[in-house]
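What Swiss-Prot annotates here:
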TOPO_DOM  1-12  topological domain 'Cytoplasmic'
TRANSMEM  13-33  transmembrane segment
TOPO_DOM  34-714  topological domain 'Extracellular'
REGION    49-217  region 'Transglycosylase'
ACT_SITE  Glu87  active site, proton donor
REGION    297-592  region 'Transpeptidase'
ACT_SITE  Ser359  active site, acyl-ester intermediate
Amino acid sequence: MFKIKKKKLFIPIIILVLTAFLALIGYISIIFLGHYVIDEKKLILHASSKIVDQNGDEVASLYTENREPVSINEIPKQVREAFIAVEDKRFYEHHGIDAKSVGRAVYRDILAGGKVEGGSTITQQLAKNIFLTHDKTFLRKTKEVIIAINLERDYSKDKLLEMYLNQLYFGHGVYGIQAASHYYFNKEVKDLTVSEGAVLAAIPKAPSTYSPILHPDKNKERRDTILGMMNDQGYISAKEAVTAQGRTLGLHVKKQSETPWFDSYIDLVIKEAEDKYSISGEQLLQGGYTIKVPLDSKLQKTAYQVMKEGSYYPGTDQNAEGSAVFINNKTGGVEAAIGGRDYTSKGYNRVTAVRQPGSTFKPLAVYGPAMQEKKFKPYSLLKDELQSYGDYTPKNYDSRYEGEVTMSDAITYSKNAPAVWTLNEIGVETGKSYLKANGIDIPDEGLALALGGLEKGVSPLQLAGAFHTFAANGTYTEPFFISSIIDEDGETIADHKEEGKRVFSKQTSWNMTRMLQQVVKKGTATSGTYHGDLAGKTGSTSYTGVSGATKDAWFAGYTPKITGAVWMGYDKTDQNHYLKAGSSYPTRLFKDILTQAGETGHVFTKPKNVKELESPIELKPVKTLTADYTFKAAGLFTIELKWDAQEDDRAVYRIYVNKDGEETLLDSVEGKGSYEIPYANLFSGASYKIVPYNTQTKREGEGTDYVQPKLFSS
């Protein structure tokens, strides 16, 4: 009998030991598995980054989740209590799991024959939201419990509550209590009332169902329930609860205005962060950065709105596209960039898409280098003839050739033959070297590049950047979209400090500016209206499939403040899709964008120690000449020559004498219509003529015939 009693006593001891052992193993497993499952990086809540323009105004937020993490100390006590009251009233008593709630949930799950009720504590919800999926399975619930227990071991209750409130989803793309406070009440979380806190606490259970915007009645009903629970649990008095329940929801929803005009610019900001500063798009979306950009919001919006107007596009249908970019002359920062008429985020950005630049290339590849190399000047005469260079025969667009024209006129009227002739004179490699210095590196080797005939082309951004060199007195600065990037701690992790490099002299740049002004005043860029100084160049390329069709149309130019380039055409040109007119349309568009943005009335200022480019001397034929003998002192004869002088007193007149069939240059005078030859011989038989001379072109004009002096004029 004693043995039987001993045996009965031994069995419970064995069970107790085994239970203790299994409990120990379970506890160790929870600790080990909990730490194994927890990825502490996930506890670092992502914050949205913001983009601010040149005035410091926020223009966009970048985020995967619209979230603004805050410290627990910034969240009012009664707001915290509203969430505790409804989500986990024993939060400060349990160690990760609430046995009573779990028991109730298990009982209801058994009755339902499956997993239907959560019974989760705030810590468990935090574990689920950060580390686990949202499926309702017993395995997921087990992991949730394990992680929750370990979170309770590693973090204080206040820290857990802080993380919980910062990761909750409040609907409408808003994550975290601070972002929710901004969105629904347009105020800081620290300024929330108990009623407003209850409004927010009502949302997370079913963000769509209890949205105070979509379903205000349902939200108010749940808010009032939460206020009642706060009273029941001793957080507020009955009077406070009744007073709060009597209030309206008090929403002051922050307007989330759609700003599609910023989309193409923002995409270029993200691209530059990746390419230039090795900050990935994902990092920008999650890092809480402040990205300062040189954006001019007014100019950006104006360009977007103007470019949407169909009247600017001479296409075969309404689907012709366009792109524009504008750069600050002082900094080189991009103030506006439009990637398309209906650009969508992450779409085909035509700001960086390459196209054939046409005649906009002439100042960059030909005339700028020609002046800088001191081989030609603005009024140097260039050959304007139909001639072939091997198998390449460039033609003027109007098929008219003048034999010789000045560089200034060749640019003003966009003549092709002189441009190709000049490039041939200075050398293709010379032209390419200047293009490369201006940010355009191309493989093309032929003379066709004088006219923008390239294998691939250039982008509006590249073209604007290159023209900016002239506007910046000959210094090239690579266009940029990011001024600086500041992290959450206020540290500057990226800062634009690029120094420009000298490409053209100030004199060359000023001469080019003056010539390009003539293009706008009387040349190919007269279309449209602009009040203020503007220098620029048109360009277009032909579509050979249809007679008279245009493939690409351009205007690139600059004011004293802004440089820009506008392109228009089709993404794919074919027999049914082409422009029916050329560069006059982007020229007018360019002018209207700046005018409507208020960028008018500015005047170019000549740099110090730079000579002004004189206006061209336009010689008229000298047709009338009189030559008479006159008496002077001591009875000597003087020959007096008189002719019709030019209005331009800079004109020089050469006096030629012909004696015995031999012509000799006797003298020259400037700005006069008369000349005297003293001590004349009445019997010399000499005759005289006058020929005008242009000191700019180094060429003579049309002069008079030879005339013999008369002793007595009638």
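Backbone N, Cα and C atoms are what each Cβ position is placed from, and that goes for glycine too.
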Students should find that the Cα atoms of the residue listed as 'active site, proton donor' and the residue listed as 'active site, acyl-ester intermediate' sit apart, in Å rounded to an integer, by 70
Out of the active-site residues Glu87, Ser359, the residue with the smallest number of other Cβ atoms within 10 Å is Glu87
Any idea what DSSP makes of Ser359 (active site, acyl-ester intermediate), helix, strand or coil?
helix
Over the topological domain 'Extracellular' (34-714) the mean pLDDT stands at 89
